[in-house]
Amino acid sequence: MKIYLVGGAVRDALLGQPAGDRDWVVVGADQARMEAQGFKPVGKDFPVFLHPRSGEEYALARTERKSGRGYRGFVVDADPLVTLEEDLLRRDFTINAIARDEDTGEFFDPYNGARDLQARVLRHVGPAFVEDPVRVLRAARFMARLAPLGFTIAPETAALMREMAASGELDSLVPERVWQELRRALTCAQPSAFLRTLHDTDGLRAILPEIDALYGVPQRAQFHPEVDTGIHQEMVSDMAARIAPGDALVGFAALTHDLGKALTPPEQWPRHIMHEQRGVAPLQALCERLKVPQDYRQLAVIACREHLNVHRLPELRDRTVHELLVRCDAFRRPERIAQLALVCEADKRGRLGSEEAAYPQGAELKRLHAAASAINARDLAADGLQGPQIGEALTKARIAAITAARKTSA
């Protein structure tokens with residue numbers, strides 16, 4: 001019985017990056033032997049155990065044979081005779097197929113993952129790559145993390161990803177897994193690499209058609225020197241990752257704020273009048289399909305519908321600013337204002353030549369919200385107002401607070 005550290009922990013250590021969870025593989029053991037040593041079985045689809053002291057996951061070395069469509073269509077063999085090399089062969093990328101002996105610290109790298117780490121190449125291990133459509137998503141997500149380090153996808157790996165897209169294999173991806181990989185990509189330093197990887201290998205159309213439809217749609221160069229809406233979307237996603245690092249909530253709202261531009265009739269290009277309203281329907285469809293959590297949906301819809309209003313904040317009347325805050329449910333969910341401000345800043349700075357531009361609207365929105373929020377309904381009730389009178393007086397007082405706050409900054 002031999003134990004090896006495998007996967008991301010080994011990869012990240014060799015890259016000099018902070019490692020997350022550690023995964024272990026056990027060669028030469030079966031379930032009875034693992035349980036006899038105090039390991040607790042937890043795996044449903046294949047034999048995984050929790051260490052009795054550390055709680056870390058230990059999996060028996062195994063092989064996988066394709067038996068059906070999709071990422072669940074596999075027959076697993078975890079016989080004690082399965083070798084370390086056979087276990088590493090089933091893994092997705094060479095940089096994830098490196099093992100380190102727990103006792104000696106010796107590395108085992110039968111598929112030249114260390115060489116690819118040094119060359120900054122994401123390469124599949126073997127032809128079985130095409131059997132699991134999740135690997136297309138993982139390739140894109142790894143690029144969102146590794147592209148800032150100079151990684152590229154091996155041409156032969158990109159070719160296999162195109163074959164998988166053409167075969168329809170990506171249609172078998174379950175929504176929860178698509179959302180999981182998308183959400184993780186949005187926490188990475190360069191989410192645009194997730195989009196670009198899928199787009200360049202023909203997978204984005206099957207996985208995120210609402211985003212794919214933005215590529216090739218022109219915008220007015222006066223406001224968008226990058227012109228292509230798809231390129232703008234990539235820039236916005238990267239800017240969101242820069243100003244709100246690790247915040248997938250802000251990242252998702254930034255990613256989806258301009259979906260309505262794909263629905264603009266071509267004869268109206270490059271203008272996109274009312275795109276902020278048209279974008280709500282495809283956004284809601286995307287959220288339904290991927291089973292996106294409610295907090296993500298709600299912020300994304302607000303950002304889609306209101307981002308132009310925030311950009312035009314200095315032009316809005318005081319009453320209109322209050323109406324904007326009400327539509328955002330900002331008096332019950334005050335955190336949304338800071339989140340919306342970040343999304344709108346990412347939109348404004350996610351344009352060619354505007355990357356370092358100031359965005360005073362964000363701070364002003366938060367300041368006006370704070371002024372309006374200082375008005376308390378309980379104080380009005382204490383003055384003897386009742387029922388609808390309180391609501392009317394509260395609105396009037398909050399608008400007055402916005403007016404006063406604007407005068408102090410004038």
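Using N, Cα and C of the backbone, Cβ positions are placed for all residues, glycine too.
These features come from Swiss-Prot:
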BINDING   Gly8, Arg11, Arg91, Arg138, Arg141  ATP binding site
BINDING   Gly8, Arg11, Arg91, Arg138, Arg141  CTP binding site
BINDING   Asp21, Asp23  Mg(2+) binding site
DOMAIN    229-347  domain 'HD'
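The C-beta environment of Asp23 (Mg(2+) binding site), restricted to residues of the same chain at least 6 apart in sequence and closer than 8 Å, consists of Leu5, Val6, Gly7, Gly8, Ala9, Glu56, Glu57, Ala59. When the Cα atoms are compared, Arg141 (ATP binding site) and Asp21 (Mg(2+) binding site) turn out to be 17 Å apart. Between the binding-site residues Arg91, Arg138, Arg141, the minimum number of other C-beta atoms within 10 Å of a residue's C-beta occurs at Arg138.
Within the group of binding-site residues (Gly8, Arg11, Asp21), the Cβ with the highest number of other Cβ atoms inside 10 Å belongs to Arg11. For the domain 'HD' (229-347), the model's average pLDDT works out to 98. Under the DSSP three-state reduction, Arg11 (ATP binding site) is assigned to helix. In the domain 'HD' (229-347), the DSSP tally of helix, strand and coil residues is 91 helix, 0 strand, 28 coil.
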